[in-house]
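Chemist: My structure is below; once you've seen it, I'll send some questions.
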Amino acid sequence: MGLANLARRKGSVLFSSENLIRYTFSLRSTRGFASGSDENDVVILGGGPGGYVAAIKASQLGFKTTCIEKRGTLGGTCLNVGCIPSKALLHSSHMYHEAIHSFANHGVKVSNVEIDLSAMMAQKDKAVSNLTRGIEGLFKKNKVNYVKGYGKFLSPSEISVETIEGENTVVKGKHIIIATGSDVKSLPGVTIDEKKIVSSTGALALTEIPKRLVVIGAGYIGLEMGSVWGRIGSEVTVVEFASEIVPTMDGEIRKQFQRSLEKQGMKFKLKTKVVGVDTSGDGVKLTVEPAAGGEQTTIEADVVLVSAGRTPFTSGLNLDKIGVETDKIGRILVNERFATNVSGVYAIGDVIPGPMLAHKAEEDGVACVEYLAGKVGHVDYDKVPGVVYTNPEVASVGKTEEQVKALGVEYRVGKFPFMANSRAKAIDNAEGLVKILAEKETDKILGVHIMAPNAGELIHEAAIALQYDASSEDIARVCHAHPTMSEAIKEAAMATYDKPIHI
């Protein structure tokens, strides 16, 4: 309906031009959805992976649903400045690296291969834009009300929203789900300016390739972003306070993974802490010393990436006003149904205990609204897969060997290297292995760890196996297509309960 016709249909109410413009802005900010006088069945505060999935599922289950998102685009950190743009850059940089280092081995000769950084960033931005618009389309399809603005609690059933147009509205709900995600964890004395000292957000939008990049933190994000810039020309040094990279990773896999990254040119300074930062010159000078104390040294860089983890984002939500309990690091405490201590208020994703992963947040969201619908929801945090999207990738699900030992469980280990896998050899990309841990008495699989190209895709066979308490023999007796990388999982399973064929 045109605005002029809309004005005429208001009967005795005369719309001035000014009021008409205000009405238009109101429609844009709330998409014509929830108003202060409406009460929703479910209101989700946050439109990231946990929030938008919960909103869609709630609507599918028959709930009148509103989702509030401050960013103005859906998908949260993951889609806008995290998982998706980083994977776009990882893929683009890998293609460049392959052209320089691998094409000739396959008879493909190229010359004058160059990086067009602006084009690379444009491709990344296009992917993000298409996906965020796609979620808006899913909201329309599933009749989810969408309010763009920053929300905070007025009461356990009311959210005050400062819309992105600067107006204010109140959204009411019988059940309110907090899904505000997480933010970059800061370091004392290190100020992020997103120019010289950047977070992962800034590292995704650099306008020049830094000659020297220092990454503070050897976790998933730091190693992925270090890989992006290292492949296209940066000298990358990773500074890590702990004695090992990716401390949650299986120890044996971790050692092979670090060796692989070092072969690619990445340098590591482990058991090292940053004690000073000087940005007064053209670059950055980091003062570091051993974690246990000792002689200080200086590392010079053009850009420093702070990647020391993430922290729950709950600031400004007025949680204290309504009495929501949190733990000492700011995570919201919930029960098995994702309910907080305040009736009608729930929380999911990165703001509660558990892995800070987008797919975990999605499962939280589905389970939470299923409980609200009287169904049974369930997420087993011990069976959530994790992936480092470097090359090779590292993926795991279940327990590490160190965790199994700590439990005192007798176990068997089966391993199979990709050097013995025909598909890996055929494509000349055979680095890595599959490692399976299974209980000795029952053969029940306890954990699976894969280092390989596309390990993040291969891991889901193992995730299904763990979810259904499968044995290693169960996997081994499933016919796997030949030649595939997946055959390495079958062979590792055979090595766990019996003997492999091809090694």
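Just so you know, glycine gets a Cβ as well, placed from its N, Cα and C.
As annotated by TrEMBL, domain 'FAD/NAD(P)-binding' applies to 41-365. According to TrEMBL, the disulfide bond annotation covers C78-C83. Among the features that TrEMBL reports, FAD binding site is placed at K87, G151, T180, G181, S182, D350, M356, L357, A358, H359. The NAD(+) binding site annotation in TrEMBL covers G217, A218, G219, Y220, I221, G222, L223, E224, E240, G309. Annotation source TrEMBL lists domain 'Pyridine nucleotide-disulphide oxidoreductase dimerisation' at 384-493. For H482, the entry in TrEMBL reads active site, proton acceptor.
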Chemist: Rounded to an integer, what is the Cα-Cα distance in Å between G219 (NAD(+) binding site) and C78 (disulfide bond)?
Modeler: 16
Chemist: Pull out the recorded positions from the set C83, S182, H482 whose C-alpha sits within 10 Å of the C-alpha of I221 (NAD(+) binding site).
Modeler: C83
Chemist: Give the number of CB atoms, excluding that of G217 (NAD(+) binding site) itself, located within 10 Å of its CB.
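Modeler: I count 23 other Cβ atoms within 10 Å of it.
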Chemist: Of the recorded positions listed here (C83, G217, E240, H482), which is spatially closest to T180 (FAD binding site) when Cα positions are compared?
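Modeler: Checking each of C83, G217, E240, H482 against T180 (FAD binding site), the shortest Cα distance is to C83.
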Chemist: To the nearest whole angstrom, what is the C-alpha distance linking K87 (FAD binding site) and C78 (disulfide bond)?
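Modeler: Roughly 10 Å, rounded to the nearest whole number.
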Chemist: Which ones in the same chain are close to C83 (disulfide bond), with CB under 8 Å and 6+ residues apart in sequence?
Modeler: A358
Chemist: Cβ distance under 8 Å to C78 (disulfide bond), same chain, sequence separation 6 or more: which residues?
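Modeler: Once residues fewer than 6 apart are set aside, C78 (disulfide bond) is near G48, P49, I84, A358.
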Chemist: Identify all same-chain residues not among G217, A218, G219, Y220, I221, G222, L223, E224, E240, G309 whose C-beta atom falls within 8 angstroms of the centroid of the NAD(+) site's C-beta atoms; report them in sequence order.
Modeler: V215, V238, I245, V246, S307
Chemist: Where DSSP helix means H, G or I and strand means E or B, what are the helix, strand and coil counts for the domain 'Pyridine nucleotide-disulphide oxidoreductase dimerisation' (384-493)?
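Modeler: Across the domain 'Pyridine nucleotide-disulphide oxidoreductase dimerisation' (384-493), the residues distribute as 40 helix, 33 strand, 37 coil.
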Chemist: For M356 (FAD binding site), which residues in the same chain are close in space, meaning a Cβ under 8 Å from its Cβ, but six or more apart along the sequence?
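Modeler: In sequence order, S182, R310, D350 meet the Cβ cut-off.
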